[in-house]
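Here's the structure we're looking at; comments come further down.
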Amino acid sequence: MELVVSLAIGVLAGSGVWLLLRPRTFQVTIGLALLSYAVNLFIFSTGGLRTGADAILGRGQVGTLAEFTDPVPQALVLTAIVIGFATTALLLVVLLAARGLTGTDHVDGRERDR
Amino acid sequence: MPETVLLLTLIVLPFAGAVAAGLMPTHARNAAGALAGAVALFCLLLVWVAYPTVSAGDVLRAEWAWMPALGLNFSLRMDGFAWLFAGLVMGIGALVVLYARYYMAEDDPVPRFFAFLLAFMGAMTGVVISGNLVQLAFFWELTSLFSFLLIGYWHHTTAAREGARMALTVTATGGLALFAGVLVLGHIVGTYELDAVLAAGDRIREHPLYLLALILILLGALTKSAQFPFQFWLPNAMAAPTPVSAYLHSATLVKAGVFLLARLWPAMAGTDAWFLLVGGAGLVTMLLGAYVAIFQNDLKGLLAYSTISHLGLITLLLGLDSQLALVAAVFHILNHAAFKASLFMAAGIIDHETGTRDIRRLSGLNRSMPFTGRLALVAAAAMAGVPLLNGFISKEMFFAEALSAEGPLGLVKILPFAAMLGSAFSVAYSLRFIHGAFFGPDPVDLPRTPHEPATWMRFPVEILVLICLGVGVLPAATVGPFLDLAVRSVLGNEVPYYSLSVWHGFNFPLLMSFIALAGGVALYLLLQGWLRSETEGEPLLRRFEGKRIFERAMVFLSWRLARRLEGIASTRRLQPQLRLIVAVAFLAGGAAVWVRGLGPGNLPPAPVDPVLALVWAVGGTCALGAAMLAKFHRLAALILVGGAGLAVCVTFVWFSAPDLALTQLTVEVVTTVLLLLGLRWLPKRVEVPGDGGPEVLTRARRLRDLGLAVSAGGGLAALSYAVMTRTPPELLARDFLARAYTEGGGTNVVNVTLVDFRAFDTLGEIFVVAAVALATYALLRRFRPAADSVEPPVQQQDQLSADLAEPGTERPVADWLLVPFTLTRLIFPVMALVAAFLLLRGHDLPGGGFSAGMVVAIAVILQYMIGGTAWTEDRLAWLRPRVWIGAGLLLASGTGLAALGFGRPFLTSYFGYINLPVIGEMPTASALIFDIGVFALVVGATLLMLVALAHQSVRGRRATSRALASLAKAGRARILAGDD
């Protein structure tokens, strides 16, 4: 199971990095989204992969890690997802504005000199 | 008054006065002056109150813990030497304030001037009475800073700006060197406390790091005191208002350097290195400054070089390693402060009343301002070392020391001659000052008609000249006790015998004095021809202008070098930067593995579940597909990213993280909509088949990027596999799980973490989201969208042409998308209910503010997409995203602050259950209110971004309709698809 998830993280990160290094703004946006999936999964996985563990305590229960999933990476990832959305939005708008101003969608605001 | 209070007041009061003066209205000249004067006088009084204690040989101390872990205390310490300097700072300060009140013009922002002056006074006091060296270095830099502000006070003139910048660069750099030196010294002694350092003289001198400490500290002291080769900043600082020059450049700032040398004299003097460095710098500076001073045509320039020369003299005395020389140095510090401050003030009066300071234009002022003339005459005579004035006595002591000095290299042989030469120069420039300005024929063509200044403007000069006379005639009775006090506190009980009197009989020093006087007069007469010519600057040394060398160095450092480094190490292109970041991150991870090794984990991997493997076969393919298609097939790539996102979502569910899955799913929807909205403004890019492929260079570049991507992905995969096959650390998890219900009042631990345990974190996060939303909104307001890449859809075209045909009606021409339109309208309340459900149960079950907010945002955006902007906003006018953002932030922060009201720390939450009719038992932690704040913020921020972007298409459509109209006129029905 761990193998599947780590391969998934690897594929997501690899695709993300590849796109991040591309010259077109849309590619970079998509790359960032993929990379953030990878990173979120990675942070999530640091709590250990638990199938069928309870996520919700019983009323009045004092939970332990033996029965429950680790809430800390989950809380971190939850905020990361929302922040990631916000920054993607900002990036997109900046890129669109840059495209409007410079007339190109190259990340540097101008085409590479040949 | 307890001594702690007294010492603290001495430092705090000037700064407090500075703040108060700074807050006064711009033209409150009298009020600010009175305040500054009162502060200076009160501080002077405090210094006087300390006299009995200090004169009894005691030291006033005060200490507060500052950084106890580093052994640093904020400590104040006033012994006799510090007392003398504090008196100098406050006394001359009070006189300068009075003088400045009359000197400054009505339309200058005078309160600002006094604010700077008071702050400088506080910083200077800090230097003088600091009880530890680090603190001294701190106040030292403060004096540099405030002197910068004072010199640059008339910042509308270039000279003031340049002079201020140069002074700051030189003295603050010196200050940094001093700080480093102090650290070395502290390392040698083991503490930064002044007492301990002064007591450890032998250890310091024998330590291998002594020379380093000495050089660094000297860099500080010599730059501050304008000693060769750093003397060039002082003449340029003459662009300051004259009261500043009188204060900073005669009595205080430049004296800080020699103060430090004298202060550390017991700890560091007595070596050959000290003799050569300090004495050598002093000797060269004394001669050089005096020589250049003769040829200055500006009164203040003359005084500036003379100051450099006199400071050189003091430095030389300090370098001589003799206790008597130290006595002479301290004495001369006092004398120089008195006559130089009065001369600066006199020069300022001349400038003020005649409008010029050029010696060549001035002449015969003795007739129009006789009183000022007499005062200046006495002060200048003191500067020249004429008998019966204070300068004479310290100069005699200097001559005596020059004759008896001992030191290496036979350098001392020339000392008596150098002393006489410098003295003769000093006589010559003093003569020039007096003769040039006050004697000779009546001046012609002055900007103003000269007359005596206001009585109170002259008053400070009178006091100072009186001091020069009193000390000159009766030294032992006037300054004797104070000098003794100061010297005793530096030298301890080994004070040698010295005699303060005017007449010591016929001896060598007296003979030297007369030779110097006669030589100076002769020199002045000989130089008349040169001085009357229009030649600028002095003979012989004109080419060696420190200022020019300094400017070249600055240009090189701050411009050429910076440019060159930037050229080498930086790029404006994004891709190399990103590549570098990825490569460095990869190498950093790799290095860690290389050093520590990466063995197999201790947990056996769980068996592979074919379902999840299948999910990720699809998800991974989606990710790879998105990577391949993002260039030419953006829509496809976007859809594929959504596929990968869903796989992530399923993974969250699979591994027992329902909250994450919920959030991921909703965010996924919103992100996709957002990117979809943006697609239309990106240029069309079409893959040309059979193009023969990209050129070799591009292909190589791609191969390199592919290598990087594969390495990064592989590395991260290996890393996460290694992490997952190890027992995860418990860290906070145990704590959170145990206390989520018992103390946080919720069974959904993730939510309790977000809104309670780590609520501060969440609060910060929602502020970031709000800021980002407002930033996108602001960006889009000034947005100049690129031309649409696609034609408007058929529906829009039809509607537009109908609108054009009948302007103003905007009647829908057809019911496009009627079924989805009806469905979304029906679904809206359902989604709102779902959101409310998620929000309210969040504390106990999966849900919470984030996902609930996203659901509302999705519901609204659905209406926008199907119903159109105009239709939706007609009906959802209450939806004002910015209000939601504000309300959310207020609610969340308010909940946190409310805890303070109950005497608990910020963001402490309270919880309980209440029974509501129909709904049933509901958890009501105050954290719920916080979560509602989060919810409102998420709704507002998401909608603000989406709606702002969606509105661009309305704008775009208006532009399109204009285009359509013009096209219609041209008889063309189609719109050109705009690409770049």
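Any Cβ shown, glycine's included, is placed from N, Cα and C.
Record features, source TrEMBL:
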- B:67-114: domain 'NADH-Ubiquinone oxidoreductase (complex I) chain 5 N-terminal' (DOMAIN)
- B:622-684: domain 'MrpA C-terminal/MbhD' (DOMAIN)
- B:822-943: domain 'Na+/H+ antiporter MnhB subunit-related protein' (DOMAIN)
- B:6-24: transmembrane segment (TRANSMEM)
- B:80-101: transmembrane segment (TRANSMEM)
- B:113-131: transmembrane segment (TRANSMEM)
- B:137-154: transmembrane segment (TRANSMEM)
- B:302-320: transmembrane segment (TRANSMEM)
- B:414-431: transmembrane segment (TRANSMEM)
- B:463-483: transmembrane segment (TRANSMEM)
- B:637-655: transmembrane segment (TRANSMEM)
- B:661-682: transmembrane segment (TRANSMEM)
- B:703-724: transmembrane segment (TRANSMEM)
- B:852-871: transmembrane segment (TRANSMEM)
- B:883-907: transmembrane segment (TRANSMEM)
So, by DSSP, how many helix, strand and coil residues make up the domain 'MrpA C-terminal/MbhD' (B:622-684)?
51 helix, 0 strand, 12 coil
Which of B:80-101, B:113-131, B:137-154, B:661-682 contacts the transmembrane segment (B:6-24) most, counting Cβ pairs under 8 Å
B:113-131
Secondary structure content, the domain 'NADH-Ubiquinone oxidoreductase (complex I) chain 5 N-terminal' (B:67-114) (per DSSP, counts of residues)
32 helix, 8 strand, 8 coil
What is the three-state DSSP composition of the domain 'Na+/H+ antiporter MnhB subunit-related protein' (B:822-943), stated as helix, strand and coil residue counts?
85 helix, 8 strand, 29 coil
Selected stretch (most C-beta pairs under 8 A with the transmembrane segment (B:661-682)) from B:80-101, B:113-131, B:137-154, B:703-724, B:852-871
B:852-871
Do any residues, 6 or more residues outside the transmembrane segment (B:852-871), come within under 8 Å Cβ-to-Cβ of it, and if so which ones?
663, 666-667, 669-670, 673, 810, 817, 820-821, 824-825, 827-828, 831-832, 834-836, 838-839, 842, 879, 934-939, 942-943, 946-947, 950-951, 953-954
